[in-house]
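Undergrad: Supplied in structure tokens, the structure appears directly below.
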Amino acid sequence: MNFKDQVNADAVARDSLEKLGYKQEMTRSRGLVQILFMTLAIMAVPFGLATPIATSLIGGGPAVMIWGWILVSVLTQTLALSLAEICSKYPTSAGTYYWCYRLASPRTRLLSSWINGWLTVVGSWTADLSVKFATAQLVVAGVGIYYSEWDATALQTYMIFLGVTAIASIFCIFLNRLLPTIDIICACWTGLGIIVISICLLAKAAVGRHPASFALGNFDPSFSGWTPGWSFFIGILPPAYTYSGIGMKSVTNMAEEVYNPSEILPKAITWSIPISALSGILFLLPILFTIPDVDTLLQVSSGQPIGVMFTLIMGSRAGGFGLWFIIFGIGMFCSMSTSCISSRATWAFARDKAIPFHRCFSKIGPYFGDVPVNAYALSTVIQVLLGLVYLGSSAAFNAFAGVAVMCLGASYAMPIAISLMDARRDMHDAPFNLGSFGTVINAVAVLWIMFVTVLFSMPAVIPVTMWSMNYASVVFGGFGVISATWYMINGQFYYRGPPIQEDSTSSSGSSDSALH
């Protein structure tokens, strides 16, 4: 896009945003390539599949890993299509809680947008937290390649997490203008990394090569204690986490920094799933054909067997460390992107007066360009405080990853379900339209999210102990109580929902014409 086209696109986007009720405050600097690469950077497929690989091994092993990935990819595509359709009509950084307000009836829209907004913000915070902490645990695994006798304490892991957070913050605050370029570098790093890992694993295979019947069909549910059917679903937790939506969420939260968002955002959302699915298959297959003994991997004391797995397959510590470093690099890139997104989600909700001290957290600049520094600081401080839970209980802390998936999933499902209950009347004029297939696609997406919510509430292994217990539902409920309490104290008196400048011709929005 040349300079003249950028200016024209920026003017059109600015007018469209004003029609949605907002003023342009961010600088539009991202086109389709940049926003698509950012989405792929946040999904970080090799990182998302590698760091929780122990769960897939517990759930059944190779068959679960490959076929579960394909199944989750197909189901997630229905969610991507559904979100792309709504996003094309309402392209704003407010995202799903704005959509709920525009799609719901006048009687329920205020509460719907409040609930959705808090789901979005909490989901963004906990997703960002889980990515950074997984990167910290990955560092522990990398050190373990050369110092296998070292068993990191909870405090040491927490300090590494703080280091990861600090590095991500430096890039997001002081080098914000470089982030689109960094996202492109990340995509290239990921693509080349998958190729390098695949070639190295297949070439070395120091512990032997497995036949296709094993790589594609071996299924052993004995490690989980569940029945074979449910054990398979436990094994698809890593693919569901990888697609947990933070990638798709990033697209909507960055809407006000994208040229021509009504056209570009739906493309980025829908294209990201098949690209991620293919990259995941290319990453998994070499591992499945060369994977070491599962018992050995599950006995790693840190619970993070990726370093040991690469070392055994490569037959040397240097080789294992080299492949580990590729995954670590993806994790760092992902941490930068998720940090950026969580700050935007916080800023957008504060802009609509739904967060305590909203005037402070909705400010942008003036010393760091168009970075919402106050919102970034709030997001980071909350994550640092939540990270302290790890010092008391790693099991309770691990629930935050599940909470991220549950919160973000629920925030996606709400506007889709509201649209479905209104017979999709608001979507007839969406620029990206699903047509006659819309009802089926929307229904599958909502049902999938409902199932994932239940899945992430279940323990990975039985019988359940205090260490294997899944506390995600407890943490999810705790955040819900906090949100409800703040609504009773403040929200019901001051929160008026997103601003609406003009009627959008929606069937439920006949009273939207006044700016509030």
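If you go along the chain as it appears here, the first residue is 1 and each next one adds 1.
Quick reminder: no glycine exception, Cβ is built from N, Cα and C everywhere.
TrEMBL entries are annotated by machine, without manual review.
What TrEMBL lists as transmembrane segment is 32-54, 66-84, 154-175, 182-207, 227-247, 268-289, 309-334, 373-393, 399-420, 432-456, 468-489.
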Undergrad: Does the transmembrane segment (373-393) make contact with the transmembrane segment (154-175) through 3 or more Cβ pairs under 8 Å, each pair 6 or more apart in sequence?
TA: yes
Undergrad: Between the transmembrane segment (399-420) and the transmembrane segment (468-489), are there three or more CB pairs that fall under 8 A, provided the residues in each pair are separated by 6 or more in sequence?
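TA: Answer yes, regions in contact.
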Undergrad: How about the transmembrane segment (399-420) and the transmembrane segment (182-207): at least 3 CB pairs under 8 Å, pairs 6 or more apart in sequence, or not?
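TA: The transmembrane segment (182-207) and the transmembrane segment (399-420): touching, no.
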Undergrad: Select the range from 182-207, 309-334, 432-456 that forms the most Cβ-Cβ pairs under 8 Å with the transmembrane segment (227-247).
TA: 432-456
Undergrad: Give me the stretch from 32-54, 66-84, 154-175, 182-207, 432-456 with the greatest number of Cβ pairs under 8 Å to the transmembrane segment (309-334).
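TA: Highest pair count goes to 182-207.
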Undergrad: Report the listed stretch (32-54, 66-84, 182-207) having the maximum count of Cβ pairs within less than 8 Å of the transmembrane segment (432-456).
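TA: Result: 66-84.
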